[in-house]
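Feature annotations, courtesy of TrEMBL:
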- B:THR64, B:PRO65, B:ALA66, B:GLY67, B:GLU68, B:GLY69, B:LYS70, B:THR71: ATP binding site (BINDING)
2 protein chains.
Amino acid sequence: MSDIEIARAAKKKSIQEIGTKVGIPTEHLLPYGHDKAKVSQEFINSVQDRPNGKLILVTAVNPTPAGEGKTTTTVGLGDGLNAIGKKAMICIREASLGPNFGMKGGAAGGGYAQIVPMEDMNLHFTGDFHAITSAHSLLSAMLDNHIYWGNEQQIDVRRVAWRRVVDMNDRSLRQITSSLGGVANGYPREDGFDITVASEVMAILCLSNDLKDLQKRLGDMIVAYRRDKTPVYCRDIKADGAMTVLLKDAMQPNLVQTLENNPAFVHGGPFANIAHGCNSVIATKTALKLADYVVTEAGFGADLGAEKFMDIKCRKAGLAPDAVVLVATVRALKMNGGVKKDDLGKESVDAVKKGCANLGRHIENLKQFGVSVVVAINHFVKDTDAEIQAVIDFVATQGSEAILAKHWADGSKGSADLARKVVEVVERGKSNFAPLYPDEMPLFEKIETIAKRIYRADEVIADTKVRGQLKEWEEQGYGHLPVCMAKTQYSFTTDPNRRGAPTGHSLPVREVRLSAGAGFIVVVCGDIMTMPGLPRVPSAESIYLNDDGQIEGLF
Amino acid sequence: MSDIEIARAAKKKSIQEIGTKVGIPTEHLLPYGHDKAKVSQEFINSVQDRPNGKLILVTAVNPTPAGEGKTTTTVGLGDGLNAIGKKAMICIREASLGPNFGMKGGAAGGGYAQIVPMEDMNLHFTGDFHAITSAHSLLSAMLDNHIYWGNEQQIDVRRVAWRRVVDMNDRSLRQITSSLGGVANGYPREDGFDITVASEVMAILCLSNDLKDLQKRLGDMIVAYRRDKTPVYCRDIKADGAMTVLLKDAMQPNLVQTLENNPAFVHGGPFANIAHGCNSVIATKTALKLADYVVTEAGFGADLGAEKFMDIKCRKAGLAPDAVVLVATVRALKMNGGVKKDDLGKESVDAVKKGCANLGRHIENLKQFGVSVVVAINHFVKDTDAEIQAVIDFVATQGSEAILAKHWADGSKGSADLARKVVEVVERGKSNFAPLYPDEMPLFEKIETIAKRIYRADEVIADTKVRGQLKEWEEQGYGHLPVCMAKTQYSFTTDPNRRGAPTGHSLPVREVRLSAGAGFIVVVCGDIMTMPGLPRVPSAESIYLNDDGQIEGLF
């Protein structure tokens, strides 16, 4: 059966029943249909004094076209923990609407480790991203309106830093000239649209502890500069209050369920390159109050996703992971070992062994954060025993353990071993989490620290403009911020073709950007696309409702 | 107490209880929070064989700054009918999000005749308008993507007819140049954004009988022309299926309640100028299966709103109103009689009598549709007995009856008399509805018929380009469509300052547009704004969440 067939055959429980499992009273669940609900702010406030459960981060080796199954493993581990008698919750990101009309949308998970309702999660879901688009668009309109009515803030219209957004893959809006058409329409200027998930509002929503914090951070966003180069903040345009009102419901975590009727929060979805790529802090923190184990994931591979999870999300939210599960597949390791995608069907223990270098480096890296690492081998049916054994043996040499997990085929039965190992590691209690660098380290040194200790680059290359900009921000009081690396996900280097565990490379920094509201410095290393386009034949062309009212072509 | 204070003090029942009142089983209500729900398509299908209830249209004299209270009377009459023992439902339009950030948002109704939850209805509500924005944006992206990848349909990029939309008052997007930035971003062209309620997708959603009909109409939309001037349809771009998927939930009517816990559908909200300005056909038709009386309203005054309700909505949906309630206020009649807004506080029976000319003409006009008319005098506390009596006496001379209605102050107690009169008129059964003109009348004659019989213009002025365009559409098979007049709402003429019952004017037609999917010809008479701007001090500047989490400044 395909993912969508399995998802449609799910025996879902009412969302109220799911809420009851983790002690959320029905009156504090705001339902969206029968299988989705938001958790009320009142309830979240009421559980703040409870102790926290254990936090498990699921991350992965560098992605390859072979697929790693990070979300699948996150879901499988959550189900596995519940199956072995632990009260566990899952926290993952929401999907972006626009890209589903380019290429087929995806499940949240796969096989028998999925979160449902799949269709809704790929479409409007509970409207969070629409609310973010609205809040972002309101600020855009108010900014141009401010200029139109006399520009009291003396914004330099050449230096507007606030681009527009839409939740659609629309390359024709990447670069536009706006306010054409004469006096009534304002002052023409260059502008452009990003996709909604790239909005700083998205990153802020995902990093805010509550609505007050949200409004403060929105106010802190820099929207433009004056001729004297001083920043104009969102607060100066007086948009922060109304934006917060628009985001009021979007800030509440969305409760849904796995195929095995276990509770999951699916909330927030910032870009993993120009933002930190994790689900919302409010969802993770709330889950920690409701469950003994919370399983969450971060975007891309561990070099980007886990590093940002630790250095941005955990640092800012005061979170500390109790264990990290590093997902690898035999197939992905083979590709890291040099096998081409078309040859993945053939057994190649040597290629697995060679590819393990990538896995090994991620294990080493993760240990630098003071966390215990369990490797999950996400099983594919064509994996051979010898290949699997090669991974297990390799991981043992790294002072860690690899567990074969078959949740894709068998649900929680297939992930119970992994769950037991995670519990064992957590109960051993040896995690001693610390971020990679302290707040007070100079910004350029922070970049160097990540480049050398995580990417294993020899040096960071940046011109004087970049270095000068970082200095300027330090002088303006932004020196304490963490850095958010925007780099290819496919390699430790900036060259997507260099798989495995490369050395002898340098990290060229092309550009730095300040996300003053989200609270990080974006370090752009290579081309970063913030507005995707549609392919020649977009998937939208074959999406339709069949005679039974079911959606065809979306998956 | 203000409207918002009354709304907040409402003792709402759960939306399931409201559904039960009209026989909608809980499993067929898709809840959005505890006080809003969508009605499932399965349930709607299941009631199709039931007989229809009676349909009451609420319309009004020409609007003045004094306010008429059309929605308030619609809600009051619905409550009044329920109070006198009739099973009644209310059907009104949804509010647009964007304009609330320019000027303060409004209640749905007022005083003790309101629909709640007011905050939600002024913000995201159930996401219908976001879905419309998404569906519209998808087509925009697919259209430019089609051109980008080789333009197989040979679209003349100078003749793209499909503008973009956003649900925000953003004048700087009215006119833009898109696809700038080189090869990767496409072919630069002129473009622009309208506000979402002006989208043809909105009009289509509100006129479609079901999802199949919706998809067909979406496919029929003309998005561009080729060099040989032949139209390119949405169907040619293959966007109609995916748009329907995006609109699947938005097509389902939204159930909410009045302050007196009576059921109301709030669904759809097309512009009342370039579109027909009525709530959705699916909501009205469903309500007619669930209730004995369905009270609905149309945009603007009776010259525009009621005419379009009859000639577009009823004609296309096969509906027939059983009675029309024409709302007037003493204040509005005084303004129609020449009194300035600042002088409305002073009694002036003469001005009332003079202003009754406007009322009288609307009564005459409405009778041309073969419907019975009841005049509702929506009571304001400063109205004097003599003024009210002047209206009652005047209406009696017109072969109709005027009823004083005090629902604003007293809820259903204040509207019971009006409700009884409406029931009396309906039970008398003299309505014999017919649209003003037959389908087969030539397009220009349709315009003339409305101009002469409703606006009482002597002639229609249109240049050869307009007349030629209409002829061309007739040759292309669009001659059977009704016409949708886009004219000022403040006067029977195109001059907003000519109140009362003017004669001796002509109707200049500036432009005609084909809405091939919605199924009407838009006749533009004067300036029509499809993208509003924000004022110098937008209301958004003072909107915020207070410490109790309540929204301040939105109302």
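Placed from the backbone N, Cα and C atoms, the Cβ positions cover glycine too.
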B:LYS70 (ATP binding site) in three-state DSSP notation
helix
Would you mind listing, in sequence order, the residues at least six apart from B:PRO65 (ATP binding site) in the same chain with a Cβ closer than 8 Å to its Cβ?
B:MET335, B:LYS341
B:THR64 (ATP binding site) has how many other Cβ neighbours within 10 Å of its own Cβ?
22
Which ones in the same chain are close to B:ALA66 (ATP binding site), with CB under 8 Å and 6+ residues apart in sequence?
B:THR329, B:ARG331, B:ALA332, B:LYS334, B:MET335, B:LYS341, B:LEU344
As a test of the contact definition, list every same-chain residue at least 6 positions from B:GLY67 (ATP binding site) whose Cβ is closer than 8 Å to its Cβ.
B:THR329, B:ARG331, B:ALA332
Which residues in the same chain, at least 6 apart in sequence, have a Cβ under 8 Å from the Cβ of B:LYS70 (ATP binding site)?
B:VAL58, B:THR59, B:ALA60, B:GLU297, B:VAL327
Same chain, |i - j| six or more, Cβ under 8 Å of B:THR71 (ATP binding site); the result in sequence order is B:ILE92, B:ALA108, B:GLY109, B:GLY110, B:GLU297
